[in-house]
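Enquirer: So TrEMBL has the following annotated:
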BINDING   B:K107  NADPH binding site
BINDING   B:E192  L-homoserine binding site
ACT_SITE  B:K207  active site, proton donor
DOMAIN    B:350-428  domain 'ACT'
2 protein chains.
Amino acid sequence: MTEPLRLGIAGLGTVGIGVIKIVQKQAELLTARTGRQITITAVSARSRDKDRGVNLSKFAWEDDPVALAKRDDVDVFVELMGGSDGPAKAATEAALALGKHVVTANKAMLAVHGQALALEAEAHGVQLRFEAAVAGGIPVIKSLTESLAANQITRVMGVMNGTCNYILTRMESAGLPYETVFDEANALGYLEADPTLDVGGIDAGHKLAILASIAYGTQVDFNGIEIEGIERVSIEDIRYAGDMGYRIKLLGVAQMTGRGMESRMSPCLVPANSPLGTLEGPTNMCILEGDSVGQIVLRGAGAGEGPTASAVMGDVCDIARGINLPVFGQPSTTLRQAPAARSTVAAPYYLRMELADKPGALAKVATLLGEAGISIDRMRQTGHTEGSASVLIVTHRCTRDALDSALDAMPGTGVLTGTPVALRIEKV
Amino acid sequence: MTEPLRLGIAGLGTVGIGVIKIVQKQAELLTARTGRQITITAVSARSRDKDRGVNLSKFAWEDDPVALAKRDDVDVFVELMGGSDGPAKAATEAALALGKHVVTANKAMLAVHGQALALEAEAHGVQLRFEAAVAGGIPVIKSLTESLAANQITRVMGVMNGTCNYILTRMESAGLPYETVFDEANALGYLEADPTLDVGGIDAGHKLAILASIAYGTQVDFNGIEIEGIERVSIEDIRYAGDMGYRIKLLGVAQMTGRGMESRMSPCLVPANSPLGTLEGPTNMCILEGDSVGQIVLRGAGAGEGPTASAVMGDVCDIARGINLPVFGQPSTTLRQAPAARSTVAAPYYLRMELADKPGALAKVATLLGEAGISIDRMRQTGHTEGSASVLIVTHRCTRDALDSALDAMPGTGVLTGTPVALRIEKV
């Protein structure tokens, strides 16, 4: 038996406490499986006195996470503070510079500074691991990096923000508008301090940027992602989409195209009976597609104490077992900078337009779409109220550019009584 | 750059050819991701002259797979012949004895000889890897062994024989009896030469035995699995189950109980709207449950050239990257022998009985169930034909023993006009 593997944990929120509980409860199992004892030597958090329901007296305490990361008795720095910069980044850099492994759940830090941190980790021959940063307990990083290593990845997709999926499915099941359910979710503590991170699609965008880097051998490029949140998804569109056999999900999709990397995080329609369509509440789902393996669907809890701590500890076990991998699946010096390609992949779209209830209104809209080269797959007009009617259109595959040109010309017809809604229908 | 990793492939069926195609097509990608060139030096199969659509002239040929396994220019022996014994086992043993890594898709060999082969591999410090042996392209072995290493596993489940799931879902969608769909599947080449391996649940049982070993740190025990095939699943039961919101799946379940390992491969009812319930055609699904991670669902193609070859090559990439793990997740010298516990975990059951259409028949059945301590959750009587009526009962949770004692006493009532059907309802 080799020496124990000693952890220093910075950040004692839900996940940090979950990690401590696993190390204590499963000590025997961890040693049996990794061949090493796994221990915690020191911890750090903002408040030393807060009651966290766990006895911390056996661990050394550091007020400063950087000091924790530098301790001689820490082999693996476990970063669970969050935030793309500040103490998380400073402490991670300090640990890597001293040749210590780092395990983190920090998607923001990786999405923004992943390339620099990976270079640093690989220069020092240490591991920087982050299974917990994407989709909580779901083993998506490992599956993509290792299991699918012999595949050219053709598409990566995911519903990776549980709060958004909770809001969307709750709107549907309770028939409530976005604002009401948002307030409910807030009262339940489901939202980040800055809710835009969740409902604005930023948190999920961070995760997509990480997956795309591994999938396509590119440098993490969070700024290259087209991001649209769920704030403007209406209960009407959820209902109409449902009537046509679809559900609306905040879906991240990354594909490599001839023009560069196309990555989007946006509300999309998916078939209601597909795995994505059946996803309820805060559950997450990642879909990996490769040229040999076809489609792999991974589903599980995307957050929470147990699932996220399980992912953190999975990485710790890999390190205890001596597994040694490049941070993003290939040496970071070889990762390419791919240009961001915006919406080049054609798709069918769901359109909803409120039209004035007068003769020829529908014809004008249909003509405009036709002129933009967009053909109509299905159309439905719902009962009209107060002089306007909702017209629902599912188009055949078209480019976003063609669609935007048609939408731009729409107000000129003089028949719209509201702003049109256009949502992509992703083939899954 | 280190030396190339040289493969010797024994067995050039669908999967072997798939592996060759990946090695040739993705040479650059494999080297970028693993840091090593991956090459094929020699191959072996029954017939040298068969046209397989791939140029084999660059590889050395061996008629004897054992000779292939022993070649000095082979670092990894890739065993894709199948069969629990015979040439597959002889060649695998020869490779391990010479300190060569082995990658195999051979579930039968591992289910029967896994413990001995693991001891041999670990004694020589080499890898014996088999992701492709369970559920094709789905990364279930890696997820269980590595990602969930910090979890006490509480249940492992899976639909792991695509042919059976094809037959069951085709029976339902086409309204055809088992025999007809079996013949269809046979004509389509979906069945093994000995179809009992598929429809008898043996192939899926092999896979469950492997998963259970990793999950619970026990020696592989194929004989400890209760196996029931799908041969007696009737279109009537599929329909009735559907009416009550369930679907019938050939489901493997392994749980550690106070009395030992309970592992079953049998037709079960699962909720139609659950991930398992929505599984169509030959797709496979594995569900892993751990004390921290909760429930992880993995779905994908369980067979076929691309998916299975992807899994084989994922293992090869691990070896190229120097990943070094015990065969079943912990050293095989430490794997326990767990007694097989037969049906100790209680569950609700679906019962169908054909009762004579005479007064008091239903009361007699209900009384018998009550006397066995089995309470009824739901009951439904369908229209009767020719003097008998189908009675459907969903019980509350009961043990299989209690149920069997009631079923044993059933003929004594004199009201049955056929053999009762009893299927477990698995909570998923």
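Quick reminder: no glycine exception, Cβ is built from N, Cα and C everywhere.
These figures come from a predicted structure and were not determined experimentally.
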Enquirer: Could you break down the residues of the domain 'ACT' (B:350-428) into DSSP helix, strand and coil, giving a count for each?
Expert: 25 helix, 32 strand, 22 coil
Enquirer: DSSP three-state call for the residue listed as 'L-homoserine binding site': helix, strand or coil?
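Expert: Where the residue listed as 'L-homoserine binding site' sits, the three-state DSSP reduction gives coil.
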Enquirer: Near the residue listed as 'NADPH binding site', which residues of its chain come within a Cβ-Cβ distance under 8 Å, counting only those 6 or more away in sequence?
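Expert: Residues satisfying the criterion: B:F130, B:A133, B:V134, B:D203, B:H206, B:K207, B:I210.
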Enquirer: What are the sequence-distant neighbours of the residue listed as 'L-homoserine binding site', meaning same chain, six or more residues apart, C-beta distance under 8 angstroms?
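Expert: The answer is B:T163, B:D198, B:D203.
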Enquirer: Under DSSP, is B:K107 (NADPH binding site) part of a helix or a strand, or is it coil?
Expert: helix
Enquirer: For the residue listed as 'active site, proton donor', list the number of other Cβ atoms lying within 10 Å of its Cβ atom.
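Expert: There are 26 of them.
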